Amino acid sequence: MQIASSPFTHNQRSTRRIMLLVILACIPGIIAQTYFFGYGSLIQVMLAMITALLAEGAVLQLRKQPVMARLQDNSALLTALLLGISLPPLAPWWMIVLGTLFAIVIAKQLYGGLGQNPFNPAMVGYVVLLISFPVQMTSWLPPLPLQGTSVGFYDSLLTIFTGYTHSGENIHQLQVGYDGISQATPLDTFKTSLRSQPADQILQQPIFGGVLAGLGWQWVNIGFLVGGLLLLWRKAIHWHIPVSFLLALGGCAAVSWMIAPQSFASPMLHLFSGATMLGAFFIATDPVSASTTPRGRLIFGALIGILVWLIRVYGGYPDGVAFAVLLANITVPLIDHYTQPRVYGHKSGHK
């Protein structure tokens, strides 16, 4: 069944199935993320899901809504999943709990629940954490080939809950790669290094050892791309938003890179690093907070792509997907107003 707009307000069964399909489509990306960055992401997702179900159940109870029926729509689980995989794998446990509470209680239920929220709940929770705890939110481990210390499941669990592995290493020590240099994400490394080095020298660093983009990150993005194509094939999402998002981001990156290759990242680095594919197929396509008309979706997706590029290049944050999505959410009523198909026989009011 093809859904044109906000299906969550009128068909409980289709909502549950679509949410479950989106969750399953995340699996290829989660597998890649777990392989390159450890088991922490799985632990974060589990903590987020438990918190989301408890928080949503409590609020529904207070609102005297049918708790079990509403929880079974899987929307809380999907919000928790998207937030959990967006956080650094070894972020402290209280961060994912706080972010999930904010996403479910404030960004979703405060507006009336599923189908009423004007902003993407997972991205609201993410941005709150990023602004409040910037150091912890940028503490990503090096990808597996560059890790100086391998972090197993037990050490991941210990670090998330205590801040230390069984051998006493903290997150800052774990961030040091095999070469003794503290590692960052490809986008963060490129943005920071541009202050003192040209692009061709920056790209010689080990973190950029991937064929398409950053080492490890390219496979995470490919995983979410595979899942996104599955959603398109099953018609769970429309093609307009991801295609216009990726074309706008890739186009801006290509033009700037061709003009000044020593000062701008390549289109491939933008498309296959950070949260690009996750944002294009799983976050921006949220039918509640996105535009609902075909032309509107194209404008909405392109706006997000342009904003992501602007934030990555000129902003204070290395990625920018979350901020771009929330800023675009603000424009949805205006976009929908001017892109609604004209009713047959409609005449303008002027004489």
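Cβ coordinates come from backbone N, Cα and C, glycine included.
Here's what Swiss-Prot has on this protein:
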TRANSMEM  18-38  transmembrane segment
TRANSMEM  40-60  transmembrane segment
TRANSMEM  87-107  transmembrane segment
TRANSMEM  121-141  transmembrane segment
MOD_RES   Thr185  FMN phosphoryl threonine
TRANSMEM  211-231  transmembrane segment
TRANSMEM  241-261  transmembrane segment
TRANSMEM  264-284  transmembrane segment
TRANSMEM  298-318  transmembrane segment
TRANSMEM  320-340  transmembrane segment
Number of Cβ atoms other than its own within 10 Å, given for Thr185 (FMN phosphoryl threonine): 21
Candidates 18-38, 241-261, 298-318, 320-340; stretch with most C-beta pairs under 8 Å toward the transmembrane segment (211-231): 18-38
Three-class DSSP secondary structure - the residue listed as 'FMN phosphoryl threonine': coil
